[in-house]
């Protein structure tokens with residue numbers, strides 16, 4: 001039985017907000033030796049969503065791993081969100097997920113085995129929806145619950161979509177609204193309205209598969225998924241990798257209804273402030289202390305795709321998304337490199 005168990009009460013931080021902050025991570029990775037392998041097509045140099053390794057003529061592996069803490073209290077839903085979050089990295093690269101392995105850190109003394117069974121069932125159902133096969137996994141008994149997956153996908157090397165290839169003149173399109181990290185903080189505090197919780201869960205359990213398929217149809221210049229470093233953090237990675245500036249229009253960036261009310265109540269994850277403090281030197285904004293900016297730094301879990309498309313491709317993408325009932329909004333444009341990596345207007 002899993003009723004009455006509040007998973008979020010067992011962890012310090014929820015979802016992707018539990019990741020290491022960008023400053024500490026960059027420092028830890030700064031001394032890594034670059035791999036000298038001609039088959040490694042995408043490595044860690046531009047902080048892309050997944051690695052890509054060529055295994056034959058016209059075929060490459062897309063490899064990623066993602067582990068999160070609970071950001072909702074229902075075990076099955078947590079498992080489904082965690083799997084959607086891990087799969088997203090493969091979709092963002094333009095790949096097709098084929099296999100996955102569970103990674104479980106479980107407090108066996110604090111939770112019954114039925115909780116783990118429900119988590120794994122949720123993850124498995126998301127994998128099946130994505131057309132991927134679960135091939136195994138690994139467990140560790142831990143004081144804090146964590147669950148994620150290592151996912152492998154396939155891709156043609158000529159169809160890899162990177163985060164460092166945005167071009168000046170491109171339009172920026174976002175495929176999910178922001179605010180799930182803030183909502184998760186409210187869930188942990190028992191202060192999230194039921195309707196807002198349900199809406200956040202709907203977005204977090206939604207796979208990025210259809211949006212990624214449309215991306216390939218329309219020919220995006222670049223793509224990344226918006227996760228733990230927030231929209232601005234991942235936009236900075238795109239800008240620095242491509243040598244451009246990304247301009248975001250604050251009023252055009254979608255935020256879940258009700259999130260700003262939670263911000264006003266102080267229900268903002270520490271990871272949001274960590275992201276803001278780290279990326280502030282690279283961002284031009286009217287006022288960095290404006291609360292309206294906080295959702296742009298909010299750590300997202302299973303967030304949407306941030307796409308960089310030529311004006312004509314963006315038009316096709318938005319029109320096709322509308323026809324197919326997919327969420328997509330133009331949120332900015334790509335400029336030649338300026339004084340900042342991301343300019344918020």
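Any Cβ shown, glycine's included, is placed from N, Cα and C.
Residues 89, 225 are recorded by Swiss-Prot as Mg(2+) binders, and the candidate that the same record lists for that site, out of 48, 49, 125, 265, is 49. Secondary structure at residue 49 (Mg(2+) binding site), taken from DSSP and collapsed to helix, strand or coil, is coil.
DSSP assigns residue 139 (ATP binding site) to a strand segment in the three-state reduction. Counting only same-chain residues six or more apart in sequence, the Cβ atoms lying under 8 angstroms from the Cβ of residue 49 (Mg(2+) binding site) belong to 64, 88, 89, 92, 93, 163, 224, 225. On its own chain, residue 47 (ATP binding site) has 163, 237, 241 as residues at least 6 apart in sequence with a Cβ closer than 8 Å to its own Cβ.
Under the three-state DSSP scheme, residue 89 (Mg(2+) binding site) falls in the helix class. Within the same chain, the residues at least 6 positions away from residue 137 (ATP binding site) whose Cβ sits under 8 Å from its Cβ are 101, 102, 103, 104, 149, listed in sequence order.
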